[in-house]
Amino acid sequence: MVTLQLVGSLRKELADSLSACRVLVVGAGGIGCELLKNVVLTGFKNIEVIDLDIIDVSNLNRQFLFQKKHVGKSKAQVAKESVLQFCPTANITAYHDSIMNPDYNVEFFRSFMLVMNALDNRAARNHVNRMCLAADIPLIESGTAGYLGQVTVIKKGLTECYECQPKPTQKTFPGCTIRNTPSEPIHCIVWAKYLFNQLFGEEDADQEVSPDTADPELSWNPADTEARATASDQDGDIKRVSTKDWARSTGYDPVKLFNKLFKDDIQYLLTMDKLWKKRKAPLPLDWLTHQKLVCPQEVTGTGLKDQQVLGVAGYCQLFSRSVETLRSMLADKGDGAELVWDKDDPPAMDFVTAAANLRMYIFSMKMKSRFDIKSMAGNIIPAIATTNAVIAGLIVLEALKILSGDVEQCRTIFLNKQPNPRKKLLVPCALDPPSANCYVCASKPEVTVKLDVHKTLVLALQDKILKEKFGMVAPDVQIEDGKGTILISSEEGETEANNCKFLSDFGIRNGSRLQVDDFLQDYTLLVNVIHCEDLEKDVEFEVVGDAPDKAPTRSQEEGKNVANGNKDSAEPSTSSKAPAEQNDVLIVDSDEEELSSSTMDVRMESGGHKRKLHDAETGEASAKRQRLSQPSADDDDDIIVLD
């Protein structure tokens with residue numbers, strides 16, 4: 001008879017392994033708090049946790065390691081202190097920092113036996129995925145979205161990496177819809193957020209809120225339109241100049257702002273006759289008219305204050321109060337200061353709630369509660385504490401399997417809102433092998449990009465293609481022209497003179513090849529250039545071939561669509577490593593287990609940044625080649641995006 005020695009509920013060998021191993025937890029938010037609690041109570045002793053975020057009062061209803069006295073402090077540091085209170089023997093190191101900081105390089109990741117992600121954003125997830133691939137360290141990825149959740153294991157060469165499958169892009173709306181013809185509440189909410197930036201924040205030409213005279217639906221005589229709008233312009237001495245400049249000239253007078261935005265601009269829209277032939281025309285509001293109403297605080301709905309909907313007069317008053325508060329905040333910051341919109345800032349949220357609802361009323365939409373608008377404006381799926389707790393528990397179970405040497409027993413596990421036909425909420429699926437077309441974990445990552453070499457700037461290649469689309473942090477680009485010409489260098493100042501030049505200035509043409517290295521991520525990507533002069537309007541480049549730049553269609557099985565990514569905070573969370581043991585707590589029918597995770601329409605929240613790990617076998621990291629400062633003739637990616 002073999003005697004199995006147990007330490008608590010674990011085999012002694014496994015318990016000893018937990019005590020000795022070092023694990024990294026990336027993120028100390030919704031999932032991260034539950035995870036830290038779980039790992040120390042399971043027996044992990046050497047834990048490092050990293051999170052850039054600070055504690056906000058809105059975190060306190062689900063991130064139970066934090067209390068009111070902690071508001072404004074580092075999540076990672078407070079989480080460490082709270083955990084040590086019930087497990088003082090643990091050795092925990094906390095970093096109030098971004099996991100994307102170059103200090104956390106491949107060698108840093110190699111010092112852990114396991115990394116566990118409790119992140120809330122796409123860029124950080126992609127980065128940790130690449131770093132774990134480069135370090136050849138197991139990664140447990142996780143995410144929640146309301147009542148839905150997901151946990152999966154990523155192991156280099158054995159499973160799909162985080163970026164093997166394409167991620168859905170954010171929904172986009174044409175600018176003319178936002179400015180001229182909103183038809184859904186979200187259009188009005190986006191307009192209100194843009195209005196906040198135009199008035200109090202950083203002005204962005206792509207976030208204009210005034211009527212769009214370039215609307216493709218329009219067909220009228222501009223001279224007639226201006227004549228008909230003259231009376232509106234003269235009312236309040238409004239000139240159609242920069243929104244912020246005009247607001248400053250009025251001293252941010254709430255009444256003048258109200259009449260311009262909700263009366264004059266709407267009257268101007270009404271002169272665009274063609275827009276309203278098949279639509280219900282908007283109804284301008286007048287400040288004086290609504291101040292005469294005797295019930296400014298009429299309310300519909302029951303429950304908490306934030307879940308109630310005020311009447312039009314109520315939102316008029318809220319608009320006025322919020323403008324006055326924001327005006328004072330701006331003045332306190334001094335000349336040239338700007339405010340940053342934050343869903344957890346009451347005056348900012350009041351302003352967006354009031355402005356969005358007034359615009360909804362104008363365009364005959366049902367107004368929304370502050371709670372609903374906050375969820376939509378913050379691009380948030382409401383966080384559920386229980387979902388976070390379940391997912392954190394599943395992370396530890398997968399970690400125990402890994403530490404037990406049973407990686408082949410790991411699964412992708414989905415938490416569904418409704419039981420599946422077998423009456424199960426937790427559905428495990430077999431891990432998929434790496435995708436041959438992935439340009440992050442393939443042996444020789446390569447991608448083809450279609451662009452106009454005569455119109456694409458070097459800076460656009462760096463920022464929009466390599467960093468935003470392919471998720472690199474500090475790319476170095478060499479032209480394969482036989483000379484080793486350096487087009488982009490990650491060393492500050494080396495190639496900045498190239499930024500405002502076109503790719504064609506360096507001899508890049510149809511068929512040119514660029515070798516791109518990101519030394520921080522230990523990642524090399526070969527980019528094939530296809531010159532194209534007939535890209536669609538407003539499209540600067542396209543990824544072509546097998547690169548997954550479009551998300552697959554949704555699965556027909558409704559319960560299988562799980563968003564990966566808790567949106568508890570706007571700052572990058574981090575991921576952590578945790579050992580795993582074989583555990584049969586989940587009882588699942590064998591035919592369910594045999595499902596492949598790719599058959600489930602799983603969409604991890606993090607985005608479509610494409611990253612490829614540099615070939616670990618060659619170990620080559622291209623040294624800086626000859627830099628080209630003078631081109632020679634011979635030388636060859638919360639929220640909604642508006643177009």
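Using the three backbone atoms N, Cα and C, a Cβ is placed for every residue, glycine included.
The feature active site, glycyl thioester intermediate is assigned by TrEMBL to C176.
Annotation comment: TrEMBL describes K167 (among others) as SUMO1 cross-link. Its Cβ taken as reference, K167 (SUMO1 cross-link) is surrounded by 24 other Cβ atoms within 10 Å in the chains shown.
Marked as SUMO1 cross-link by TrEMBL: K239 (among others).
Marked as SUMO1 cross-link by TrEMBL: K417 (among others).
The feature domain 'THIF-type NAD/FAD binding fold' is assigned by TrEMBL to 10-418.
The domain 'SUMO-activating enzyme subunit 2 C-terminal' annotation in TrEMBL covers 546-638.
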Between C176 (active site, glycyl thioester intermediate) and K167 (SUMO1 cross-link), what is the CA-CA distance rounded to a whole number of Å?
27
Which value does the mean pLDDT take for the domain 'THIF-type NAD/FAD binding fold' (10-418) in this predicted structure?
85
Compute the C-alpha separation of K167 (SUMO1 cross-link) from K417 (SUMO1 cross-link), stating it in Å without decimals.
21
Min neighbour Cβ count (10 Å) across recorded positions C176, K417 flags K417
